[in-house]
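Colleague: Just dropping this structure here.
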Amino acid sequence: MAAQVIRTDGATSDWIHGEIQRLKLEKEQLENRISALESQLHTSTSSSPVAKIEENSSCSITDGSTFCANGSSANALSAEMIYRYSRQLLLPDFGVEGQRKLSQSRVLVIGAGGLGSPVAMYLASCGVGCIGIVDGDTVELNNLHRQIIHTEAYVGKPKVQSAAAACHAINSSVKVVEHQGLLHPSNALKIVNQYDVVVDATDNLPSRYMISDCCVVLQKPLVSGAALGLEGQLTVYNHKGSPCYRCLFPTPPPSAACQRCSDSGVLGVVPGVIGCMQALEAIKIAADVGEPLSGRMLLFDALSARIRIVKLRGRSSACTICGENSSFTKEEFERFDYENFTQSPMSDRTRPKLSLLPESARITIKEYKEVLDKSERHTLLDVRPVHQFKITSLPNSVNIPLTDLEKELPKLGSMLNDSSLYVICRRGNTSQTAVQLLHQKGFFSAKDIIGGLESWAQEIDPKFPIY
Amino acid sequence: MRLTLEFGGGLELLLKESVKLHQVDVTQKSGEDKVTMRDLLSWVKGNLIKERPEMFIKGDSVRPGVLVLINDCDWELCGNLDAELEEKDMIVFISTLHGG
């Protein structure tokens, strides 16, 4: 109330005139922006195949609307920018200079999943000039607990499209380039080369090697994050003397050591925390402020609430990619088979299909349904871990996890009492290993149910929960 | 020699009850007055690893993809297998993550 009374004097009316002037200018800039976007909409080509990278525009930041055009110096921030970014402009360590560098920088986010979600949102909100987003997946309902950039309305639609729309909704003044499709050695150089900073927010090992190699070849700093279960890791590669991924890990780990979120689980906020810190590191590098996390690695343990920052080795002179005597060229990069090198697929979605057993030791889910329908006497053994068995299970199944199977054999033997034995798991891989073990131990009647509970849900009972 | 060991990034799954933090007492080999990382690795393999040792050890070192940190410092900077440990040192074994 007091403020309103004071604002009736002459000084206040000056203030109101000034404010009206400012808002009019802001309105004009917004209208320009709207018409620019409308014309972009008319010229853009829609409906792209998922497998091929489709770009909606290039990442040059020549857009005049970024800067004030009304007579002041070319380097000054516009009134709209000053107002929007005021809280970070007030930081002495960041300020106008930081904002100006940020708005002229181009950052590529590879992966629009659990890590990439907060990365893209923070990069958009803080005013990075151009954000590129690469992803070949579509949004699924079971992504939403951690991939917070996506909403239910986008389930089934490309992640890149969903993420770009979200970035635009947050900040229509930043440029967002959609790279729809999987990053691959054949397209990586062309895409990565358009950006100043690269954020690795992918979910698989071959992509991590590929992105690191690409950043070395093109001399780009790489903000690399990873999260799984209740742990996360973060570092900046190939920046200010820090090592590249290959300096740290010249030999890939055995593929059995590579766990995936779709198998091991992940608590949504864990990649969220790491993604936020990736955004922070990308902003620091782009704005050239502070001390980047290069040559150091942050290790986050969510369950025990511990964060450890450790000192890493420097760039290895013997590194085959970034070392002194390396002769790794762009051509070699384009030809390099990263999936073969790491013995693992470039997508978290590709699942290994084991084939350990002869056909005689396996039955289909439909055949098992017939066993049930005929009320044939049998035991159904579920070999998944206990916590997965608790999520969902078939009625009358007995849970003995594969890890406990050998020591529980006597119990199983007494339970069987000469009835037939069928073994099931989530997708039909663990059950094969179990049947193999059972055969070795004399349980010759054990049969594997092909495709596990997933095929039960797909072929027999569509209401059966899938996880 | 009292040491604190920590296992992470999934390596804890190879240990009994998946415990991450371990306070251990590692004795020097007879005739030796020091404990090196080489000694510690063989001690860990013999005393802590309960399953799939190949997921932890390869040859006489750790398997590819495992970072070893001695007092929060990459063991490559401390002498790798020949690094000499001291009373109350903290050694972290962490498997790199790839998920996201």
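Count begins at 1; order follows the chain as displayed.
Backbone N, Cα and C atoms are what each Cβ position is placed from, and that goes for glycine too.
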Colleague: Between A:20-47, A:48-75, which stretch does TrEMBL give the note coiled coil?
Modeller: A:20-47
Colleague: Among A:Gly114, A:Gly181, A:Gly225, A:Gly229, which residue does TrEMBL name as a further ATP binder in the site formed by A:Asp135, A:Asn142, A:Asn143, A:Leu144, A:His145, A:Arg146, A:Lys159, A:Asp203, A:Asn204?
Modeller: A:Gly114
Colleague: Counting other Cβ atoms within 10 Å of each residue's Cβ, which of the recorded positions A:Cys244, A:Cys261, A:Cys319, A:Cys425 comes out lowest?
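Modeller: Checked A:Cys244, A:Cys261, A:Cys319, A:Cys425; of these recorded positions, fewest Cβ neighbours within 10 Å: A:Cys319.
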Colleague: Of the recorded positions A:Leu144, A:Cys261, A:Cys319, A:Cys322, which one has its Cα closest to the Cα of A:Cys425 (active site, cysteine persulfide intermediate)?
Modeller: A:Cys261
Colleague: Which one is it: of the recorded positions A:Cys247, A:Cys261, A:Cys319, A:Cys322, whose Cα lies the shortest distance from the Cα of A:Asn142 (ATP binding site)?
Modeller: A:Cys261
Colleague: By the criterion CB under 8 A from chain B, which of the recorded positions A:Gly114, A:Leu144, A:Asp203, A:Cys261 would you report?
Modeller: A:Gly114, A:Asp203, A:Cys261
Colleague: Restricting to the binding-site residues A:Asp203, A:Cys244, A:Cys247, A:Cys319, A:Cys322, which ones have a CA within 10 Å of the CA of A:Cys261 (active site, glycyl thioester intermediate)?
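Modeller: Matched binding-site residues: A:Asp203, sequence order.
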Colleague: Using an 8 Å cut-off from the Cβ centroid of A:Cys244, A:Cys247, A:Cys319, A:Cys322, can you name the remaining same-chain residues around the Zn(2+) site, in sequence order?
Modeller: A:Ser212, A:Val216, A:Asn238, A:Pro243, A:Tyr245, A:Arg246, A:Arg315, A:Ser316, A:Thr320, A:Ile321, A:Gly323, A:Ser326
Colleague: What does DSSP call A:Cys261 (active site, glycyl thioester intermediate) in the simple three-state scheme?
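Modeller: Its secondary structure by DSSP: helix.
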